[in-house]
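K.L.:
Got a structure here, written out as structure tokens. Questions coming.
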């Protein structure tokens, strides 16, 4: 099984790395003076600017950039909220689904606008086709484009010197959508349709079962209702944009959302495709490709470590089964391991790899149920989120988060040798460190605060369906997921309540936009600084030494913050299994 695991993970990484250079180079050109494919995309881009009255040549101060971004996303949230509340009276609702409740609509609007895609509802029984397409799918595009725009603003701040502007938000948003996200989503959605992913406006179909079954109360069930809908178009961008919200309740474990091994591989690859390629884009835009490779190496090493942990823990199986004499070890006749909550068509390796990739990348989609993982298997995706979603992370947001950690790393290195820290020729001073501290602390505070409120209040405990350490893990996972804009969940928590919808919605908004503003502030501050020539005392930020330092900073800051909480959840649960 070890060789099988290595081969499957190796193929995935090889294909991913093969896509980094061409896509990264293309995206660097998109954000340059003369983007590619202007003959096709140029007229569409110019038409949008003309209709909206945008001066594409006018650049913005970081404060104006932030105001435009916040205003755009606030309007998007209001529209999505209103669409959900009115869906019962709108077309493309063949199942005649009622309006979404106020608290659930708020939570969903906050979730999709913040690129979290946390879902406290079941998509096929809650959202009409119009809401899925016009509301959720549109936000999948623009929330991803928002993250990419912030990243490009930060990169410009690092690369430029003695200027007060970092670009134009409207141009960056438009180009991210038209030149990058839409073409990739179109290709992927058509490919997914070829694999059997549904794309139709037909209502749900009731079919006769070939083999009727008798349920627990003795009733014979001879029919099944199969949910349909325009799923492929939403699934493509939910993966490419690291959104993660599924069309169906069980997300990519659903046979009509992820039917074949090829669809599984393509959806998995799509999660990391843009975040990985943006590292190369970063290197090109700052004039040193080695910087991009160093960041990519850091992300890949951390991801591999947690993937090995998850695969090993799941393949080892459940100690409780072994005590009962159940054989769950790999052999010629069975795959072995902990297959509870997993699709046998994907197996342990593809399930555990997806679990770590989706939580490393702030995607949150699932092809297995994380709540059914072993304690250490569930700890791996939880910790990847708690690191701040910087191990690849969301499109744009992951890389700008890792660049903040890089700034902290050079600051720590500067303290150790008594030099003023600098990153890519720019001095890192008090203002940058204050903003970086905010970016690091806000998700941690929100995670621990919401966990504490939930476990200490009757409303929070009422829908925790497991007791003890695992029940605590479910609450901690939900708070971690919302506060780090991931969206995955331990499904044993009943989260579609006013309590969780409200608190998790607040966490998603705070952790998204309270991080974006200080990131843009750092971009503006760095853009106004002069370039410092390199000297013998300059810390190279492209070497294996710096990669090791950066990994250490990410792990120490993330791990130390949450060790007490993890000790009450997955760690103690693991120890109890061994008793």
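Even glycines carry a Cβ here, placed using N, Cα and C.
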K.L.:
In Swiss-Prot, which of 1-21, 22-42 is tagged transmembrane segment?
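P.N.:
Of 1-21, 22-42, Swiss-Prot gives transmembrane segment for 1-21.
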K.L.:
When Swiss-Prot marks a stretch as transmembrane segment, which of 43-63, 64-84 is it?
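P.N.:
Among 43-63, 64-84, the range Swiss-Prot annotates as transmembrane segment is 64-84.
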K.L.:
Find the member of 1-21, 64-84, 435-455, 549-569 that has more C-beta pairs under 8 Å to the transmembrane segment (293-313) than any other listed stretch.
P.N.:
549-569
K.L.:
Assess whether the transmembrane segment (265-285) lies in contact with the transmembrane segment (1-21), where contact requires at least three Cβ pairs under 8 Å among residues 6 or more apart in sequence.
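P.N.:
Stretch pair touches.
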K.L.:
Answer with yes or no whether the transmembrane segment (549-569) touches the transmembrane segment (435-455) by the criterion of at least three Cβ pairs under 8 A, sequence separation 6 or more.
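P.N.:
The answer is yes, given that the two segments have at least 3 Cβ pairs within the 8 Å cut-off.
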K.L.:
Report, as numbers and ranges, which residues of the same chain sit near the transmembrane segment (135-155): CB under 8 Å and 6 or more residues beyond its ends.
P.N.:
31, 62, 65, 69, 72-73, 76, 79-80, 83-84, 108, 112-115, 117, 127, 166-167, 169, 172-174, 176-177, 180-182, 185, 233-234, 237-238, 240-243, 245, 274, 278, 281-282, 285-286, 394-397, 399-400, 403, 516, 519-520, 522-523
